[in-house]
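The feature active site is assigned by TrEMBL to His203, Cys246. Feature annotation from TrEMBL assigns domain 'CARD' to 1-74. Residues annotated as domain 'Caspase family p20' in TrEMBL: 121-250. The domain 'Caspase family p10' feature in TrEMBL is assigned to 280-363.
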Amino acid sequence: MEILRAYKTKLTELLYVDPVPILQLAQSKKIITDREYNKMKCISDSEKQVIELLDKIMGKSSNVCQDFLKILKDVQDTYPQLVELFSEIEEIPSAPPSLSIEARPETLDEEHGVYQMRSRPRGYCVIINNKDFGKARLNFKTQKDRKGTDFDAEYLTKVFKWLHFEVVQYNDQTAEEIHSTMERYRKQDHSSRDCFVCCILSHGSKGAIEGTDGCSVPIREITSYFTGLKCPTLIKKPKVFFIQACQGTKTQKSVRVQADWEGHETEAELEPEDADPNTIPNDSDFLLGMATLEDYVSFRNVFKGSFYIQALCKNLELLCPRNYDILSILTTVNREVSEENMMRAKQMPEPRYTLTKKLLFPTS
């Protein structure tokens, strides 16, 4: 089920050209009922047919999802693009067998160095989504609006709600408003919650995030609101920040790699996101996931969202149910983003952390 959820977009792109054989196979193998099949046949838009099929299957049992994946493997000759997809899926190693987080006694978490993650909700997930930079342009700044950022905000909301967080989104915040938001959550009582997550989608510069008025907020100031001294109810609890923004203006050069097959290069409208390594406080239990290395730009597809946030959400969906810890997930994100070809440049994300235990996000 997790694989279908994580690869839903890619499967839709591969199958919508001719979904009828897949629908017929799914019906014949009793993966969908005759009634479901007839209903899907009546949908005139082939892309919507595939989406309806995948949604219907993901609503069934894990065994049904596995049977559907087996069908797809059997038709790789008809849909050769599936060969590459299954190669990608098979590269994901199986998670080591372990107790689910919910099944572990509390003492076992401590003994094995795992952060407790049992509360419902797990904690707040604050999303700051800065898209409209009209205020900055009134102040003679040159920032463009961040087209495509809503795709990132929607995906983050979906994933962190699924991970049992209370998601709160703020749109188009100025520098002063970003400070006010951080102060609001610093003052919150987090005693009954196990974690705090903050995702910031904006323009940036070295060591800083930009408000929609063009004024900068140092990332270190943002994270420092949640030190043990300033926010005591988050002591010994993980504080996680994901930052989609540039850390400079340099572009990393792409290096050509020999491949067995070279296809046509796809084109998309890309925009580079327009932060000093001292971005996390001298305090424990922080994780900062940066979209790119210090001094370099990050990229956003205006039709799909940023490469970093999309890869992050996809791998959280895929690997959290397998009990992968967040640093292992971010390593996978690093690899996927670094392999993308963006305007003949590349991008390498960078996690920075002072975590003292493994951090897992259980789905149950």
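The backbone N, Cα and C atoms fix where each Cβ goes, and this holds for glycine too.
Keep in mind that TrEMBL annotations are predicted by a computer and have not been checked by a curator.
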In all the protein chains shown, the tally of other Cβ atoms within 10 Å of the Cβ of His203 (active site) is 24
DSSP assigns the residues of the domain 'CARD' (1-74) as 56 helix, 0 strand, 18 coil
Helix, strand and coil residue totals from DSSP for the domain 'Caspase family p20' (121-250) stand at 40 helix, 37 strand, 53 coil
Over the domain 'Caspase family p10' (280-363) the mean pLDDT stands at 81
